[in-house]
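**Student:** Before I ask anything, let me first share the structure, which is written out below as structure tokens.
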Amino acid sequence: MRLVTLLSGLVSLVSVFGLELDLDDYASLQNATALVAYGLMDYYTGDQYGKTVGMFSDPYYWWQAGGAWGCMLDYWYFMQNDTYNDKIMAALLHQTGDNNDYVPLNQSTTEGNDDQAFWGIAVMQAAERKFPNPPDDKPQWLYLTQAVFNTMALRWDSETCGGGLRWQIFVWNSGYDYKNTVSNGALFHIAARLARYTGNQSYVDWAERVYDWMEDVHLIDNGTYRYVYDGVSINDNCTTVTKYQWTYNQGLMLSGSAYLFNMTGSDLWHERTHAFLNASRVFFNNSILYEAACQGPNTCNTDQRSFKAYFARFLGSTAELVPETRQQIMTWLNTSALAAAKSCSGGTDGHTCGLNWFRDDWDGMYGLGEQMAALEVMVNTQALKRAPPYNATNGGNSTGDGAAGTKPHPTNLAPLHITGGSRAGAGIITAIIGISIIACALWLVY
């Protein structure tokens, strides 16, 4: 490894055992992230005999697999490296389930709304980044995203707390009485991205509906600093807020608002984007990203150790979509990427990544979440150097169906009977649960 001066190390380069990263040198970034991506894929077991395509080794749950494939999509796009594209394609298609809505039978009794959502976010990402389309006889990326959105929207529960999604789909699962932010924030987030991709106003209406409910029950603050909290219980009519703050929840609301501003040009969504960005400062110390709720006391569980990955991804997309956020976000991403690179100096391979990026070396922590977080923060330093998310009017070529996911299904709260010709975008779902169909009928079918 070459020696570097203190000044250059502070600005753009870090050199450590096993991993060298120079943010001013794209080849250096490609080489460094290739090592991190390889370490991430070390946890993938779907190619092994008797294992399930798309799944990672224990103890990593199904939802985190969806998050990991989203991470690998970012790696492909920003690093222009298609090494793992066949695995990404196979995983995203294998886990769709019989109804192509990411409720596969092997997960259907334990799956929560948030679990399903992270696969929906991954396929939305595939559509927006123009990842190679599936074969013609397979569901397309936009279709799969719409199916996830529609099945989640059907579970909107107006009978308790005036609305909102429950955490769990089935009554027998722990957490059924909890309406958590990640489920509702993900519904908002997916609606916002579908709105921008399709131009369909009914998705905007849905995003506004979810946002207003979350604000009404105080899951999100209203002001110039909009902090995002964990959830509420229906047992006290959603009056007591669990005030844990997680990076991925903040990111869902931040980037969802950015998508809506980019689509609508609305001052309201511009203001909200900046308010969520202001509140995001709680997750940085000297511009280095950390999971504030658990990292200090060293109590982060397996899931929580991956949250920074999604937040870094959502920061990158926000910077792409809202120019005024770029200076702050890129300062955070660049500083955090260099810090993360220092942590990727552990293990027998010399480039296993850790959890704590404040150190100048590996902290002894390792796992899928650590690799994901380091990879996402590194590749998103390039967020402004590639084309922003595509949509149906600027080069996006994924096809869908506004009625996707509305086939009668045991996970839906009520069976639906919709003919094949009923394809008026997301307005179908809006109409089913009481929103006007008049405006929705004017939109194109995707």
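From the backbone N, Cα and C atoms, a Cβ is placed for every residue, glycine too.
Swiss-Prot feature annotations, pasted as is:
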| type | residues | note |
| --- | --- | --- |
| CARBOHYD | Asn31 | N-linked glycosylation site |
| CARBOHYD | Asn81 | N-linked glycosylation site |
| CARBOHYD | Asn106 | N-linked glycosylation site |
| CARBOHYD | Asn200 | N-linked glycosylation site |
| CARBOHYD | Asn222 | N-linked glycosylation site |
| CARBOHYD | Asn237 | N-linked glycosylation site |
| CARBOHYD | Asn262 | N-linked glycosylation site |
| CARBOHYD | Asn278 | N-linked glycosylation site |
| CARBOHYD | Asn285 | N-linked glycosylation site |
| CARBOHYD | Asn334 | N-linked glycosylation site |
| CARBOHYD | Asn391 | N-linked glycosylation site |
| CARBOHYD | Asn397 | N-linked glycosylation site |
| LIPID | Ser422 | GPI-anchor amidated serine |
| REGION | 389-408 | region 'Disordered' |
| SIGNAL | 1-18 | signal peptide |
**Student:** Round to a whole number and give the Cα-to-Cα distance in Å for the pair Asn106 (N-linked glycosylation site) and Asn397 (N-linked glycosylation site).
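**Tutor:** About 31 Å separate the Cα atoms of these two residues.
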**Student:** So among Asn237, Asn262, Asn278, Asn285, all listed as glycosylation sites, which is physically nearest to Asn391 (N-linked glycosylation site)? Use the C-alpha atoms.
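**Tutor:** That would be Asn262, the closest of Asn237, Asn262, Asn278, Asn285 to Asn391 (N-linked glycosylation site).
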**Student:** Once the DSSP letters are reduced so that anything not helix or strand counts as coil, what is Asn285 (N-linked glycosylation site)?
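**Tutor:** Going by the DSSP assignment, Asn285 (N-linked glycosylation site) falls within a strand, counted as strand.
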**Student:** Compare the Cα of Asn31 (N-linked glycosylation site) against each of the glycosylation sites Asn237, Asn262, Asn334, Asn397 and report the nearest.
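**Tutor:** Given the candidates Asn237, Asn262, Asn334, Asn397, the nearest one is Asn334.
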**Student:** How many helix, strand and coil residues does the region 'Disordered' (389-408) contain under DSSP?
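**Tutor:** The composition, in the requested order, is 0 helix, 0 strand, 20 coil.
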**Student:** So, in DSSP terms, is Asn200 (N-linked glycosylation site) helix, strand, or coil?
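**Tutor:** In the DSSP reduction, Asn200 (N-linked glycosylation site) maps to coil.
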**Student:** Per DSSP, to which secondary structure element type does Asn31 (N-linked glycosylation site) belong, with helix, strand and coil as the options?
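**Tutor:** Looking at the DSSP assignment, Asn31 (N-linked glycosylation site) belongs to a helix.
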**Student:** Rank aside, I only need the closest one: which of the glycosylation sites Asn81, Asn200, Asn262, Asn285, Asn397 has its C-alpha nearest to that of Asn222 (N-linked glycosylation site)?
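**Tutor:** Checked the glycosylation sites Asn81, Asn200, Asn262, Asn285, Asn397; minimum Cα distance to Asn222 (N-linked glycosylation site) goes to Asn262.
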**Student:** Around Asn81 (N-linked glycosylation site), how many other C-beta atoms are within 10 angstroms of its C-beta?
**Tutor:** 16
**Student:** Given the glycosylation sites Asn31, Asn222, Asn285, Asn334, which one's Cβ is surrounded by the fewest other Cβ atoms within 10 Å?
**Tutor:** Asn222
**Student:** Between Asn262 (N-linked glycosylation site) and Asn237 (N-linked glycosylation site), how many Å separate their Cα atoms?
**Tutor:** 35
**Student:** By CA-CA distance, flag whichever of Asn81, Asn237, Asn334, Asn397 among the glycosylation sites is nearest to Asn278 (N-linked glycosylation site).
**Tutor:** Asn334
**Student:** Tell me whether Asn334 (N-linked glycosylation site) sits in a helix, a strand or coil according to DSSP.
**Tutor:** helix
